[in-house]
Amino acid sequence: MSRAFCHGLLILSSLPLATAAEIDLPLCDCDGDGLWSIDSIRNWQKVSDFLIAAAYFSIPLELLYFVTCSNLFPFKWILFQFSAFIVLCGLTHLLNVFTYKPHSFLLVLALTVSKFLTALVSFLTAITLLTLIPQLLKVKLRENFLRRKARELDREVGLMKRQEEASWHVRMLTQEIRKSLDKHTILYTTLVELSKTLQLQNCAVWMPNENELEMNLTHELNGRRGSSDHDTLSIPMDDPDVAHVKKCDGVEILDPESMLGRASSGMVGGSGAVAAIRMPMLKVSDFKGGTPEVLQACYAILVLVLPENDTRAWSHHELELVEVVADQVAVALSHAAVLEESHMIRDKLAEQNKVLLQARKNVMMANEAWNLFRKIMNQGIRSPIHSILGLLSIMQQGNLTPEQRLIVNTMAKTGGVVSALINDTLEINSEHFTLEMKPFQLQPLIKEAACIARCLCDSRGFGFGFQVENKFLDQVIGDERRILHVLLHIIGGLLNGSNGGCMTLHVWSDSELENLRDQRWVWRSKFSNVNSCVKFEMAIRRSLCSNSSSSVQHDRKQNGEGFDMGFFSFGMCKKLVQLMQGNICIIPSCHGLPECVTLLLRLPLQPPMPISDLEGPMERRHRSSCSSSSLLEGLQVLLVDDDGINRKVTHKLLEKLGCCVSPLSTGAECLSSIGTSGTQFQLVILDLNMPMMNGYEVATKVRDMRTGCRPLIVALTASTEEHVWERCEKSGMNGLIRKPVVLPELERELIRALTT
């Protein structure tokens, strides 16, 4: 269409030329003298042709300079064509200057050639323009397109610059946050950097309180100036803005007049646009029992306020920056919280470790003190008591008067009680008590307890009364020493709690227990024909002076807790009684002191024995000595014990039984004697608790010896633990004798070892 338009213009331009040739215009009269004379017109034409020629010659020079200096124009050849056209036009006008005077044929010929060339170049230029104009229009469109693309590219570059600037601010803020792991430093650094970057009026951080019912203003960039509205420092958790912000993931725009917006403005006056975003707060406890996504999260709220006179609104770029910063702050706060809790846990562990080290030191000191106490008790009390009991067993075998035998038997009984008490004391840490269940006569035990109680009362100035309701069965099975031990401790405890009065000991048997039950005593076991039930009631009636002096004592509990009975506490005595299928009850007086103690025991009856077993002790002792004399007479025994006194006493006991004894003090001497001595020992008695080499090691090495006849080995120990015999069997021993070593038990164990 543009090409047709150009052709139309060319045709319209040729019409005036044809019209001028056909119409006869009147000739001008230029022969007069004046401004418009022929000479004047010719001069003006000469000047005009000259100026036109000068202009035509200068324009090609300018076009040539443009072509040589520019590489952007795509149609350089058309410029050369225009330059030629303009030069020829200028040449034509220059030649016309010389035609106004008489001129030669050569000038006319040159002018004709110049005009012909000008016409030819003009016609070619016109035709060229018809084909060039559409291309020039395309160049214009392309220019507009490129210009539009350039503007879009400028916008994208500006956006990228803003994003790069935002990322730079985020990196800078992140670096500032990571410089510290303190929660307050992180928050204040965030508020300051956000205020500088976004030109804010105020920044505020709201955190929930302990019960999560309110949001408290904990950190603020600009403090309050002259504000007395203290209730704005906390906002209820059910506030609509608070609830809405906590539910949304991104930034929320708030009303400046809202409660959260006004409280975060930091000034009494108004504020600009307000934005808020939540920040999750994680702790170490959030990871216990589940992941933070499963547990109910705890959120803080970051509020940003623009200046009051600032008309700008929050842009998308600024909101993205706030979201990124909030995420970074949440991560930093979580790290700070975890670090803070780890420091607290570390301090607690350090404190606990310090306490444990002190406790360990105390335990080690207590163990050292306990070991020293056991050593002193063993060497200073238990070993002498065992030696005394061994010598008393020898005296019991001699010819004594009834009075002497009573004294020796009482000493042996009392010594047995003391020995059991010492054993219990040395094994008190294990809280494990064992009973030695053997047949014994109950009536002599009651008489012996009454005799000792009378002696104690007489020595302290107390009266004593003793009453037995009916006759007891002679033979029962139980731990005779433990029963006497408990009775004496109860009596001693009652005497220790009073300064004067009268002690009574009342004993009932099976037939009278049913009638004597009252509301304060409950016995839930069913009596049977195979058990003998005995009830001991020990009461003390205090004198008036005793009551007045004891009224300042502390109150005691009716169940007996805290009742001190000498060396043993009530709990230990109760445990011993419960092991014997019994029970114990303490009745306090009006002053809180024990006034009456009731002890109920259920002892199994001894099964019927053959007539031969019904002999008296003297007859049984005579028969046993006669039957065992053939086995023990001349028996070669090697006695190994590091305690010199016990070794001598055991030596005497073995000689009393008719044995030939070789005493030694160490395990090394024992091994040397068995390996090199020409005497063939038939029996070796080893103390288990020897220094350097204990009895287990000696027995193992004796069993490993390649001798023709290996001796029997019997262990000797003061321990009451049950697993001792198991270790003895594993070491290859044949018997076990527990200290104190008395003649009947020594004889019985040796015969058992020899016969089995």
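Glycine too: its Cβ is placed from the backbone N, Cα and C atoms.
Residues or ranges marked as Cu cation binding site by TrEMBL: C89, H93. According to TrEMBL, the feature ubiquitin cross-link maps to K739. Per TrEMBL, domain 'Response regulatory' is recorded for 636-754. TrEMBL lists D687 with the feature 4-aspartylphosphate. Taken from TrEMBL, the feature signal peptide applies to 1-20. The transmembrane segment annotation in TrEMBL covers 44-66, 78-99, 105-133.
For the pair formed by C89 (Cu cation binding site) and D687 (4-aspartylphosphate), distance between Cα atoms is given as 148 Å, rounded to the nearest Å. When Cβ neighbours within 10 Å are tallied across all protein chains shown, the highest count among the recorded positions H93, K739 belongs to K739.
Distance from the CA of K739 (ubiquitin cross-link) to the CA of H93 (Cu cation binding site) is 157 Å. Residues 73, 79, 82-84, 86-87, 89-91, 93-94, 96-97, 100 of the same chain sit 6 or more residues outside the transmembrane segment (44-66) yet have a Cβ under 8 Å from a Cβ within it. Listed in sequence order, the residues of the same chain lying 6 or more apart from D687 (4-aspartylphosphate) and placing their CB within less than 8 Å of its CB are V640, D641, D642, D643, N646, G695, A715, L716, T717.
When the domain 'Response regulatory' (636-754) is classified with DSSP, helix, strand and coil residues number 53 helix, 25 strand, 41 coil.
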